Structures are given as C-alpha cells and as structure tokens.
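Visitor: What follows is a single structure, and I will ask about it in a moment.
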Amino acid sequence: MDHSISNRKIEHIDIVLKENVDYNGWCKTIYESIKLIHQALPGINYKEIDLSTNFLKYSLNAPIIITGITGGHVDTIKINEQLAKLVSKHRLAIGVGSQRPLINNRDDKIIESYRVVRKYVKDLPVIGNIGYSTLSKLSVKDIESIIKTIEADALAIHLNPGQEIIQPEGDTDFGYNTLVFIEELLDYLDIPIIIKEVGTGLSRETVSKLYSIGIRFFDVAGACGTNWIMVEKHRCRENVIKQKVADYLKDWGIPTPLSVIETRIEAPDSYIIASGGVWNGLQAVKNLVLGANIVGLAKPVLKKLLIEGFEAVDKYIEEYVETMKTIMFLIGANNVQSLAEKPVVLLEPVSTYLEQRGVDVKQYIERIRSRKWIQ
C-alpha cells in the first residue's frame, strides 16, 4: 500500500481549510460584469419555480453537484459518509475524490472511504475520478475496478497540469498520447466520461481537442475557487524555487464563467458543469444563463461540514437553493431550462476578453437563447 498518496489526501484537506489558497484575482470583477436583467413583472409565481433537472438519468431537486473532494484515507470515511447523507437529503449529485489510491490496493478501509458514498446515495448520480496523467499507467481492467467500487454513473478524468507541476510528487505527463486510451474507454465503458479541470479552467483549444474524440461531458472547474497550485506550494516546504514559481501563478487560469463560454462554443451539444468558486446561488444562476447545465461546488461544503458540522452545511445548501430561486424569480425564470432564454449583458472586461478569444458576444447570446444543446 502506498501510504504517501493516502496521507497526501489528508494534507490537502488540512491546507485547504487552514491556508489562504483561494483565488484573489479578477473573478469578482468578472461576475460583476455579467448583468442579469431585472423584471419588474416576472410573469411567474415564486411558489411554482422548479429547480429540478435531469443528470445522468436521475432526477435532481436542484442543478447542483458536490464535486469530487476526497477519499483514499481512513479519516475520509466519515467525511464522505456525511457528504453522501447531505446529497441524499437534498437530492443532488456527488463526485468522489481521486481514486488513484485504489489502484493495486485492496485495503478494506481505503475501499470503504469511497464505497461509503454509494452506501448512502442509492438513486442519485455518483461520479468516479481518476487523473489524466495516471491513465497512461492503467489498463481498462483498472478503470473497471474503480468504477465498480462505487457503482459509478460516470467517470471524471481530471486535468491538473498546474497542480502537478508544483506538487512535490507531481506527474507531468500530459501528452496527447493518452487520448488514444480515452477513446478506447469511450468505446468500452457503458457510462459517460467527464473531462474535469481542478480549478484553472478549460480553454476552447482543450475542449476542441477532447470534443473531437467524442467527449460530451465537461466540468470546467474554473479559476475562481481553490487554487491547487497554491495548495501544493504549501507542500513544497523544502523547495524554494517551486514556491517562487507558484507565487507567479497565484492568479493563473480561466475564470469559471469565461471557461463556461469557451467550452460551450467548442462543445455546443455537450453537458457542461460550472464549478470552481461557484459558491453562492447568484453565481450559479449567472453560469446557467451563460450556457452551463449544472453547477458544482466543493470547498464551502467541506469547510462548513468539518468546522461547523452537518447542520451548518445543510443550511448552506438551503440558502444556496433559496438564492437561486430568488434570482430566478427576479428575472422571470420558472425552471432551469428557461434560464437559457433570459437576457444577459456582458460588460468589460468580459466582452473584450471574449472578443480577443474569437467569440462574437451577440452571436453567442443568441445561440444560448436558441437552446442548441442538451438539457
């Protein structure tokens, strides 16, 4: 058993909870530049607003995923159990943390740290998780094994070059050759593959490459939440050069709303998860209006759970959903699908960024309203 990988999981949680590793860049400005239009006569009854949506063949009460947080250490069993109970209560989706510790490891406690999720989540989506840079060392049989452990409804393959390049034990093989194996998995597996960033966002170039081989599910995990480059900086205690390089990258990445747009442009008929600092209901609605199908969050859920307890995180989800409903009421959206039809104005710096990235803003908004993608 590789205890170093297992122990890293706990170290990551400790750093995320105790250190300042969140993006302090231009996300606030980006969100302020996305203007939803108030409707004095919404034309709907607040009590009839419906946040339900379908995801991976299941019906959710709200378009929310608790994205992959942890697993792989005995101390994470209780965490994943509580997260599973939370999503079960609110009928949301959930992902597990990287399942790399399961490879060549059949320790009962390690297995239970992941399997406990499915134990409490019976009829809702559970998403597996493995790193892109790990795939080249695995077989189809290995992938089948980690899927089976949690009876996963989809497999997230995470792209994290920023994290890996700073991580002391980082694996920096992100060559295109692994795409061949992903294509093989797409043909072989009977569940979808989700391509997921971990906090620095997906660009249209990356999405285009993955879309061309058949990927139709993307989690943008943009640069507005936890900065995993900075998390790994705190683990590079004896490498001053790595620490300095990390400091240069403290604002590195594509903010979540911009990544949603870049992804939708290149993957028009795909299912898009907006995660990466989408930590309140207003941000959630803005991303859904811009082209996402569903939103994901992790850190605030973990922090509330571990510091304040289950009741606090339960209330946080209630507040999140209530905020979404309130914003939807004020823009006249009676369900998640109708958000695509609502007017939105993109001011500076969003409009200039999109222009320089080759996006015709007016054309893009009209494309959203035409709803030419999967719901």
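Placed from the backbone N, Cα and C atoms, the Cβ positions cover glycine too.
What TrEMBL shows for this protein is this:
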BINDING   Arg8, Lys9, Ser98, Gln99, Arg100, Gln163  substrate binding site
BINDING   Thr67, Gly68, Ile69, Thr70, Ser98, Asn129, Lys196, Thr226, Ala298, Lys299  FMN binding site
BINDING   Glu164  Mg(2+) binding site
DOMAIN    254-342  domain 'FMN-dependent dehydrogenase'
Visitor: Please state how far apart, in Å and to a whole number, the two most distant Cα atoms are among Thr67, Gly68, Ile69, Thr70, Ser98, Asn129, Lys196, Thr226, Ala298, Lys299, the recorded FMN-binding residues.
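Guide: 18 Å is the greatest Cα spacing among the residues binding FMN.
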Visitor: Looking only at the domain 'FMN-dependent dehydrogenase' (254-342), what is the model's average confidence as pLDDT?
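Guide: Averaged over the domain 'FMN-dependent dehydrogenase' (254-342), the predicted model reaches a pLDDT of 97.
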Visitor: Say you check the Cα of Lys9 (substrate binding site) against those of the binding-site residues Ile69, Glu164, Ala298; which is nearest?
Guide: Ile69
Visitor: Under a three-state reading of DSSP, tell me whether Gln163 (substrate binding site) is helix, strand or coil.
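Guide: Assignment for Gln163 (substrate binding site) reads helix.
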Visitor: Select the most exposed residue of Thr67, Gln163, where exposure means the fewest other Cβ atoms within 10 Å, treating these as the binding-site residues.
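Guide: Relative to the other binding-site residues in Thr67, Gln163, Gln163 has the fewest Cβ atoms within 10 Å.
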Visitor: Quick one: pull the CA-CA distance for Ile69 (FMN binding site) versus Ser98 (substrate binding site), whole Å only.
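Guide: The Cα atom of Ile69 (FMN binding site) is 8 Å away from the Cα atom of Ser98 (substrate binding site).
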Visitor: Over all shown protein chains, what is the count of other CB atoms within 10 A of the CB belonging to Arg8 (substrate binding site)?
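Guide: Counting Cβ neighbours of Arg8 (substrate binding site) within 10 Å gives 21.
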Visitor: Could you check the binding-site residues Ser98, Gln99 and say which one's CB has the most other CB atoms within 10 Å?
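Guide: Answer returned by the neighbour count: Gln99.
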Visitor: Once the DSSP letters are reduced so that anything not helix or strand counts as coil, what is Lys196 (FMN binding site)?
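Guide: Where Lys196 (FMN binding site) sits, the three-state DSSP reduction gives strand.
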